[in-house]
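Asks: As listed in TrEMBL for this protein:
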TRANSMEM  35-53  transmembrane segment
TRANSMEM  65-91  transmembrane segment
TRANSMEM  103-133  transmembrane segment
TRANSMEM  154-176  transmembrane segment
DOMAIN    163-446  domain 'Na+/H+ antiporter NhaC-like C-terminal'
TRANSMEM  182-204  transmembrane segment
TRANSMEM  235-255  transmembrane segment
TRANSMEM  267-285  transmembrane segment
TRANSMEM  297-318  transmembrane segment
TRANSMEM  330-351  transmembrane segment
TRANSMEM  429-449  transmembrane segment
Amino acid sequence: MEWLSLLPPLLAIAIAVWKREVMLALVAAIFSAEWLLNGSPLNAFVLTFERMIAQLADAGNARILLFSLLVGALIAFVRDSGGVSAFIRWIEQRGFANSPRQVGWLAVITGSVLFIESNLSILGACLVSASLFDKHNMSRARLAYFADATCAPTKVLVLLNGWGAYALTLISGYGLENPVSTLAWSVPLNFYCLTTLLIVFWTVHTGKVFGPMKVSESRAAAIDQALPAATSKRYFLAPIAVMIVGIITLMYITGDGNIMKGSGSKSVLWATALAVLTGYVLLRAGKRFRHRELVQVAFKGMNELLPLVALVLLAMALGDSLKALGTGTFIASIVGAHLPALIITPLVFLAACLMSFATGTSWGTFAIMMPIAMPLSLSTGIPPSMLVSAVLGGGVFGDHCSGISDSTILSSLASGCDHYEHIKTQLPYAVTAALVTITLYIVVGLFLGL
């Protein structure tokens, strides 16, 4: 009856597509998971709420939720102060954002160069570019796609961050002669991440979109969001600089001198709090707002993000329920060792895609799939770097498509895009990259004589 563990994520997908209500879909999925775990609908009703409450008891989860609220306050400060308007005017005066193509490259480059921390990458790209996207009649869905699609792929391809340290830990202990070399060679074989970035670059350069993104772009043409009058760009640059420097510094401190071992949740929360404080001090010193007005602005920003904060909480609860149900483990078990070597790598990639999509966690997918992939490499003769790349790429796929993935939620949150619309518009691009990846793994397998 292990196949029943697939019911909650499938139910969530069905309700989200049918009703276009992601929160209802998540609550229904949590309830069904608890029903399967405990066998009683009455108990499941109570345990659904208990599962949500349990997320608040976890310090890491609580930090993420508080961080999400503080992001709302930060966005409101830099926007309502006129700092964003001033920064945009400064960029335009220097000819850096005078066309949709330039604005697209600004978002993509910002998201790519901030490869140290995924939250920083998404926030940086969205805060710098959101109003410019509005000005050039580009949809927030496209911004969310650019931010999301340059976040995880660059982290997995550069590897000089916590993602690289985590992956290296997972592949050690399997008798590899040089785990670092294996991980390094997985980069050129990570066809999903490479293809995803190529599609993003093509979209930015040509301005062409396809699928549901076309509908979002047609709607964006009718939107004209006025920003407060420009004042001083320091009201934008100073808080953002504090956040960026703060995250990097705190990652170093919490990692005891090793930035790759730092605590992302602590660093992002504390740095964002410092950024909000910086914005408050600057606005009070410049006599732009009184204390009471700033408090109102902060709470207004938090209120704008409350629905997405609730979404984050539900996503955490569902991920916890699915872990208890063993959904990810069951999906991984579908891939067996008695298959032709040629199709093992594509199947490992596909299993990682399905698992990360269903559970919303790339790192959880890595943790489950690596112990399966590495022994397969030893028993079949498939290069370990090839299977490592399949696991990493498949995990990133879920980051792009799953409605309960933290990076997907943050991309919606930071870009100001409806969460369902972000998933719907990004999915065709991710599936295209996945199909290309499967084809390339088969071609490479034929070339290697598998």
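Placed from the backbone N, Cα and C atoms, the Cβ positions cover glycine too.
Are these features on the surface or tucked inside, and what touches them?
Replies: Below 8 angstroms of C-beta separation, residues 4-5, 7-8, 27, 313-314, 317, 320-321, 324-325 of the same chain, each at least six residues beyond the ends of the transmembrane segment (35-53), sit close to that stretch.
Same-chain residues lying 6 or more positions outside the transmembrane segment (103-133) and placing a CB less than 8 Å from one of its CB atoms are 67, 71, 75, 78-79, 84-85, 87-88, 91, 96-97, 139-140, 142-144, 146-148, 150-152, 154-155, 158, 160-163, 200-201, 203-204, 207, 220, 225, 227, 236, 240, 243-244, 247-248, 251, 259, 264, 267-268, 407, 410-411, 414-416.
Long-range contacts of the transmembrane segment (267-285) within its own chain (CB-CB distance under 8 A, at least 6 residues past either end) are made by residues 63-64, 66-67, 70-71, 73-74, 77-78, 81, 117, 119-120, 234-235, 238-240, 242-247, 249-251, 254, 291, 294, 298.
Note on the transmembrane segment (429-449): residues 145, 149, 189, 191-192, 195-196, 199, 203, 211, 213, 341-343, 345-346, 349-350, 353, 382-383, 386, 390, 393, 397, 400-401 of its chain, located 6 or more positions outside it, place their CB under 8 angstroms from a CB of the stretch.
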Asks: Any residues 6+ beyond the ends of the transmembrane segment (65-91) with a Cβ under 8 Å from its own?
Replies: 56, 97, 106, 119, 123, 127-128, 131-132, 135, 227-237, 239-240, 243, 265, 268-269, 272-273, 275-276, 279-280, 282-283, 288-289, 294, 297-306, 308-309, 312-313, 410, 413-414
